[in-house]
Amino acid sequence: MNKKSTAIFLMGPTASGKTDLAIQLHQELPVEVISVDSALIYKGMDIGTAKPNAQELALTPHRLIDIKDPSENYSAAEFRRDALREMQKITQQGKIPLLVGGTMLYYKALLEGLSPLPSADEKVRLEIEQKAEKFGWATLHNELAKIDPISAQRINPNDSQRINRALEVFYLTGQSLTELTAQKGEEIPYHIIHFAIAPERAVLHQRIEQRFHKMIEQGFQQEVEKLYQRSDLHPNLPSIRCVGYRQMWEYLQGNYGKDEMIFRGICATRQLAKRQLTWLRGWKSPIEWLDSLNPKSAKEKIIKTIKHNCK
């Protein structure tokens, strides 16, 4: 039986220091970085996604960054396909894939494979959105509760994106999202070592607030204004629904003032971090937890573990 090649998952909430740690690891280990981030895939969305800058990318190239235009969709299935392709290239070079990011659904899809969910259908989605405009998303959430009570319990009544997808799956297949996701996909053909970096809640909240203000100073508004001027972009696209971008877009629409936009952006980012941590706490595979306040200790722990596993 062939021994599986090793790959590293470096997971964690937004603003936890994953990118800095990955850059340090790239200097000391034979690793190549693959981004696991549903926002970093978009070209022209750099400041609001805290994308590594040109200097950092020159030092440590990240694969699966800047691969899509903001007008395009990108599914977990596409990520899995692309990530496995890049992982194979890296292992063929005699190096270790280091997967870094906070999009936990991507990690799950990569690790466990995907159940046979149908592709998005614009016609069905539009019909659902029109129904929501007429009756409200709360009514559609009630409809979902009758079709798929487990998904309805998990999905917030205000989460229009996920309600839409759950109903879309049922309309297209006649089966609930819960039924379909119970069908296992193909597991990843790698030995994965799972690391997670997660600051204390107060520290994380402070970092998120500081980073959002820094993004504003760096020209985040101007970045979104360029997107806002494009006729092919609208608030229902996954790119514009990204945390921070949605709030800035609504500010540019005149929905509220700048202070309110900043407040909402920070709150939305904190909520994202909370969801990411919930995923991590429920992670099925054993996780090596890293000290976010001591990057040197975190780096040394990973190096020691990798060297031990790759003997």
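Any Cβ shown, glycine's included, is placed from N, Cα and C.
Other Cβ atoms within 10 Å of the Cβ of K18 (ATP binding site) number 24 in total over all chains. Per Swiss-Prot, the feature ATP binding site maps to G12, P13, T14, A15, S16, G17, K18, T19.
In the three-state DSSP scheme, G17 (ATP binding site) falls into the coil class. Listed in sequence order, the residues of the same chain lying 6 or more apart from G17 (ATP binding site) and placing their CB within less than 8 Å of its CB are I197, P199, S292, P295. Annotation source Swiss-Prot lists substrate binding site at T14, A15, S16, G17, K18, T19, citing sequence analysis.
Among residues of the same chain six or more beyond the region 'Interaction with substrate tRNA' (37-40), those with a C-beta under 8 A of the stretch's C-beta atoms are 48-49, 51, 62, 64-66, 74, 79, 101-103, 105-106, 238-239, 242-243. Look at Swiss-Prot and you will find 37-40 (among others) tagged as region 'Interaction with substrate tRNA', backed by sequence analysis.
Within 10 Å of the Cβ of T103 (site 'Interaction with substrate tRNA') there are 20 other Cβ atoms, across all protein chains. T103 (site 'Interaction with substrate tRNA') falls outside any helix or strand according to DSSP and counts as coil. Annotated site 'Interaction with substrate tRNA' per Swiss-Prot: T103 (among others), in sequence order, evidence recorded as sequence analysis.
Residues or ranges marked as site 'Interaction with substrate tRNA' by Swiss-Prot on the basis of sequence analysis: R125 (among others). Long-range C-beta contacts of R125 (site 'Interaction with substrate tRNA'), restricted to its own chain and to partners at least six residues apart, with a cutoff below 8 Å, comprise N164, E168. According to DSSP, R125 (site 'Interaction with substrate tRNA') sits within a helical segment.
Residues 120, 125, 128-129, 132, 137, 140-141, 144, 155, 177, 241 of the same chain lie 6 or more positions beyond the ends of the region 'Interaction with substrate tRNA' (161-165) yet place their CB under 8 Å from a CB of it. The region 'Interaction with substrate tRNA' annotation in Swiss-Prot covers 161-165 (among others).
Per Swiss-Prot, region 'Interaction with substrate tRNA' is recorded for 241-246 (among others), and the stated evidence type is sequence analysis. Sorting the region 'Interaction with substrate tRNA' (241-246) by DSSP state (H, G, I as helix; E, B as strand; all else coil) yields 2 helix, 0 strand, 4 coil.
When pLDDT values are averaged over the region 'Interaction with substrate tRNA' (37-40), the model yields 98. Each of the binding-site residues T14, S16, T19 was ranked by the number of other C-beta atoms within 10 Å, and first place falls to S16. Remote same-chain partners of the region 'Interaction with substrate tRNA' (241-246), defined as residues 6 or more beyond its termini with a Cβ less than 8 Å from a stretch Cβ, comprise 14, 38-39, 42, 45, 48-49, 161, 212, 215, 220, 224, 227, 235, 265, 268-269, 272. Each residue in the region 'Interaction with substrate tRNA' (37-40) gets a DSSP state, and the totals come to 0 helix, 0 strand, 4 coil. G12 (ATP binding site) falls within neither a helix nor a strand when secondary structure is assigned with DSSP, and so counts as coil.
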